[in-house]
Amino acid sequence: MRRTGRSYKPLLSQLKDHHIPVHPSSRAERAMESRTLLVLLFVGVVTIVSSGLERAAAQDDTDDGILPSSDVQPLVSNMIGQGFTVAAAVAQSLQTLIPIRSTLLIPSNNAIAGVDANLSQEDIINTLQYHVLTFPTSFEALSRNDVGAELPTMLQGEMITVTSNSPGNFTLNEVNITHPDVCSSTRFIACHGIDRVLAYNSSLVTAAGPEASPPFGAEQASPAPEALPPGTRSPNNTANPSNRKSNSTRSSASRYPVSE
């Protein structure tokens, strides 16, 4: 599904402000543009462009939807410590665009290298937003979702589906979470490392990186912020699934993130 220019053009304008080329003239420049823009998704620098929010000047005001400056360095340090060095570099340079109270799904450096350099600019923008869940959640809470549960993303109308919730193989859209709770030191944001780029469109499916990591076992997860995702849907499309009792034999607890 393609989005209209209403949300596309404002984000392109912001990318220009950060010296990201958006009108390449050669094949080499197009390849550089695609990879440069795609790494933005790994640190959640997508703003809520569909509502026309302007970038805030005061970074310490958490009401403007931007990550406070005091949380940027812990975010960067967490990413470097887990090997997501591309994400860390972009977070450091584009810190005024990182949204708060969200969950970032960050592909590995190897996954970035495998991205098709010929993606259209609109596909790139949509892909950026598709890697940001609209609520912060720890891996422990995320892993309690039923298979088939749909999680809302910043790409309007597009969901990410839980495709496996077994203890040693938790996947979203068949993509493994290999590094849960990467950003455990931040107050407002959660992020989890994945081994492939998530494709909102089946024609954009990419392969895992050349040295993809195995799935991470759920029992190793560490604490991180969690909240009930307002738009999460269960397999039968029941709203607010945290109010349901789970029938799972694996656990008697709710299989959905618990509200704070």
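Cβ coordinates are placed from backbone N, Cα and C, and glycine is handled just like the others.
Because the structure is a prediction, the values reported are computed rather than measured.
Over in Swiss-Prot, the protein carries these features:
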TOPO_DOM  1-35  topological domain 'Cytoplasmic'
TRANSMEM  36-58  transmembrane segment
DOMAIN    59-198  domain 'FAS1'
TOPO_DOM  59-260  topological domain 'Extracellular'
CARBOHYD  N118  N-linked glycosylation site
CARBOHYD  N169  N-linked glycosylation site
CARBOHYD  N176  N-linked glycosylation site
CARBOHYD  N201  N-linked glycosylation site
REGION    210-260  region 'Disordered'
COMPBIAS  233-254  compositional bias 'Polar residues'
CARBOHYD  N236  N-linked glycosylation site
CARBOHYD  N247  N-linked glycosylation site
When the Cα of N201 (N-linked glycosylation site) is compared with the Cα of each of the glycosylation sites N118, N169, N176, which one is closest?
N118
Would you kindly give the Cα-Cα distance separating N176 (N-linked glycosylation site) and N118 (N-linked glycosylation site), rounded to the nearest Å?
25
Considering the glycosylation sites N118, N169, N176, N201, which residue's Cβ sits among the greatest number of other Cβ atoms within 10 Å?
N176
Please classify the secondary structure at N176 (N-linked glycosylation site) using three-state DSSP.
strand
Quick one: DSSP breakdown of the domain 'FAS1' (59-198) into helix, strand and coil?
47 helix, 37 strand, 56 coil
Integer Cα-Cα distance in angstrom, N169 (N-linked glycosylation site) to N176 (N-linked glycosylation site):
7
